[in-house]
Amino acid sequence: MNKFISLTKIQVFDFFSKYTQHLNLNNRWLKKLAILIPVLLIIPAFNLALSIYKVFSSIGIPELTITYMYIGNVMMIFFACIPLIISNFFYSKDLMFIASLPLKEESIIFSKLASVYLYLLAIACLFFGTAVIAYGIIGGIQPLPLIIGIIALIMSPLIPMLLATLVIIPFMSIIAGGKRRNLMAIGGNILLLMLILLIQITLTRVEIDPEGFTNLMLQEDGLLKLIGRGFPPSIWLTKMIQGSFLYGGLFILLHIILLYALKLMSHFLYNRALMSFNQSDGGVISNNNIYYKSRSRGFQLIKRHILIIFSNPVFTLNTVLTMLVPILMFIIMSFTGQLNNEIFRSEAIAPYLIYLYAGIVTTPAIIGNLSATVITREGKTFWETRVLPITTAENIRYRVYSTLIISFIGSIILALAAAAYLPISLDMMGIGLLFCITATLLFSTIDIAINIERPILNWTSPTTAVKNNLNVMISLVVRLVIGGAFYILYGLMPNYSGHTILLIYSLISIVLFIAVYYVITRWYIDKFDSIIY
Amino acid sequence: MLVLKNVTKAYDKSKRAVDNISLEIKKGEIIGFIGPNGAGKTTTIKMITGILSPTEGSIIINGVDISKAPVKAKKNFTYVPDHPAIFDAIKGIDYLNFIADMYEVSLKDRRKKIERFTKAFQIYDALPKTINSYSHGMRQKLLLSGALLPNPNLFILDEPLVGLDPHSAKILKDLMREHCENGGTIFFSSHVLEVVENLCHRVAIINKGKLVACDKLETIKKNKNITLEEVFLEMTKNE
């Protein structure tokens, strides 16, 4: 077998095998069903594609669904691929082994990107794929646009992935020898993501003079040009699906150019970034400070679990991004003027402000799901706490405490930012925070049960531990189910105020938390003790 | 100090990784635990340390059944695994303080012992550095220093000499002897038969999950003029 294909195959197997490992299900049909859990996300994604399709169909331009969803898809892939590339290239444990094999540098770079690409393609299938299906089927089956759409779907992760690679890897080569390179990696990549968001939002808000706007709209595909002007490949793609060879050629040519650029740069990327990053010693801090200080066991264990996250840039990026993206979006949208106080002061929004506030402050618990990977993150060092003279209940409890601390810090930051921006009263704040506390306790406790069921300690890339991991999906499904139940409950209580409904939600959350906590401390102790590392 | 009563570990019905092992180790003994790769050494050690639960049988450490009172049992021993995989984003000194806090070692004692062991293993100067900058051998020495810190009744070591330079291997062997002279007990696995031969009061040999011998070296050799290697190869050869 060709060396490149063989290497790619093993990289992809390694990357995806963790996803299906340790399902802890004996029934093979249940196993298959469990693997399909992420596919459930297709329901909200298809709904989104459908509503956008309906809007554009109503004005007679359904192909704009493709343009619109493609732009969104590119943004989403940029977000997803930055931590993924860093994890796969710089923090996976296989590079020293691969480096010793008789392989071309470009083969190593491209084989590592292949597993990233497949992961991104799965995301693209959910969001851009549903748009292609909606466009190609709903108005009557259109075979040609459907086939070209599927080709475009296969190509869709390439532009953001290749651009991100061409930016990130040289950046990492600059910080490779630095003493604080992990910190630089985190800071640099958050700045990069902010920059991408800022560029996207700014481009979509470019003011056009009235005459230019009229001229643009008078053109046959004026609206297409208006939507896609910030990212011309989206226009080329739409026209390609409509059957234009010229624009199809342009779209494909851009991909070829980017692939060729990466091939040309592969020598530099491999030697100056990959190898130099992996050869330095990780930024040793030496201040000759040998201290002897006594701390409580709880403090030491909580510190250990928090440090596990913040000592690994991939874990940190994943944590910070999932919890604080609402803040980043909020800040940027405020700067660009898309959000302003007037919107939130309107009469129509007033009854929903308390829900909005509660939702914002609870974001870290809802999206963060840190407890679902708290055992997994330890990886091969899990044995350390197992031999210590602490009870299993303590071992589990301090893990949950560490994730609660991080979640609550995220919530406090969001609570202060939202309180400064939204016109809310003290009682609204109090009830919002009460809901946040109860929901955080509930979700963290459910998540640790998920991780005890599926510990997954043998991972080669940190992304496998925190992202490419069915635990995260299961925990999101749990949130979806609880959220759905709350929504139904909301519908059953049309005359109650937001205050009362949130108090009821908090009460339900705390009762559920007590029940789940009871189950964990009674039944999950033995399961935790039987985790094999 | 350590009693294994009919201990079995079965991962499925057809395969027993450890099969009905019984063993008793007295206070002040050094026991060498040897066997071919995959014989069940590490599985047995993991059961003794509470990392794995036995499918059958019981493990008593200093009179305490580890499955019934794990915390009380764990206060009696420390463990060094066959791989120095430890959380490495912290400094060496952070790790040792962490271990000292877990086993409630007083400040005065920890200072004295940390200085003694880390200076003996020549890693004292590296303590302010993060562990991820340590070599394999340095990590092993850090783990050994941490395990010696609480002065455990029972010291359990899985392949402790792997990765150690000759100087550190000598230091470790001396510390093991000293530990036993002071009333401590040592249970360790090794593939280095010369070390087992020179250091241990008794030798336990495991093959295919079963304990095939556990006695003084002379008794195992049946007082013949043969080496442990020859005995080992004879007892563990494939039928």
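We number each residue from 1, going along the chain as drawn.
Note: Cβ is positioned from N, Cα and C throughout, glycine not excepted.
A TrEMBL annotation is a machine prediction, not a hand-curated record.
Taken from TrEMBL, the feature transmembrane segment covers A:33-56 (among others).
Annotation source TrEMBL lists transmembrane segment at A:68-91 (among others). Beyond the transmembrane segment (A:68-91), the same-chain residues lying 6 or more positions past its ends with a Cβ under 8 Å from any Cβ of the stretch are 15, 49, 52, 56, 112-113, 115-116, 119-120, 123-124, 127-128, 130-131, 152, 156-157, 159-161, 163-165, 168-169, 172, 185, 189, 192-193, 196-197, 200, 227-228, 230-231, 234, 237-238, 273-274, 277-278, 312-314, 317-318, 321, 325, 461-463, 467.
What TrEMBL lists as transmembrane segment is A:116-138 (among others). Beyond the ends of the transmembrane segment (A:116-138), by six or more residues, the same chain brings 12, 15-16, 38, 41-42, 45-46, 48-50, 52-53, 57, 62-63, 65-66, 68-70, 72-73, 76-77, 80-81, 84-85, 88, 145-146, 149-150, 152-154, 156-158, 160-161, 241, 468 to within a C-beta distance below 8 angstroms of the stretch.
As annotated by TrEMBL, transmembrane segment applies to A:144-171 (among others).
Annotation comment: TrEMBL describes A:183-203 (among others) as transmembrane segment.
Taken from TrEMBL, the feature transmembrane segment covers A:244-262 (among others). Note on the transmembrane segment (A:244-262): residues 109-110, 148, 152, 155, 158-159, 162-163, 165-166, 233, 235-237, 269 of its chain, located 6 or more positions outside it, place their CB under 8 angstroms from a CB of the stretch.
According to TrEMBL, the transmembrane segment annotation covers A:306-332 (among others).
The annotation transmembrane segment is assigned in TrEMBL to A:352-375 (among others).
Residues annotated as transmembrane segment in TrEMBL: A:396-422 (among others). Among residues of the same chain six or more beyond the transmembrane segment (A:396-422), those with a C-beta under 8 A of the stretch's C-beta atoms are 298, 301-302, 305-306, 309, 319, 323-324, 326-327, 330, 334, 341, 344, 353, 356-357, 360-365, 368, 370-371, 374-375, 429, 432-433, 436-437, 440-441, 444-445, 447-448, 452, 520-521, 524-525, 528.
According to TrEMBL, the feature transmembrane segment maps to A:428-450 (among others).
Residues or ranges marked as transmembrane segment by TrEMBL: A:470-490 (among others).
According to TrEMBL, the transmembrane segment annotation covers A:502-520 (among others). With a threshold of 8 Å between CB atoms, the same-chain residues lying at least 6 positions outside the transmembrane segment (A:502-520) that come near it are 354-355, 358, 396, 431-432, 434-435, 437-439, 441-442, 445-446, 448-449, 452, 482, 486, 489, 493, 496.
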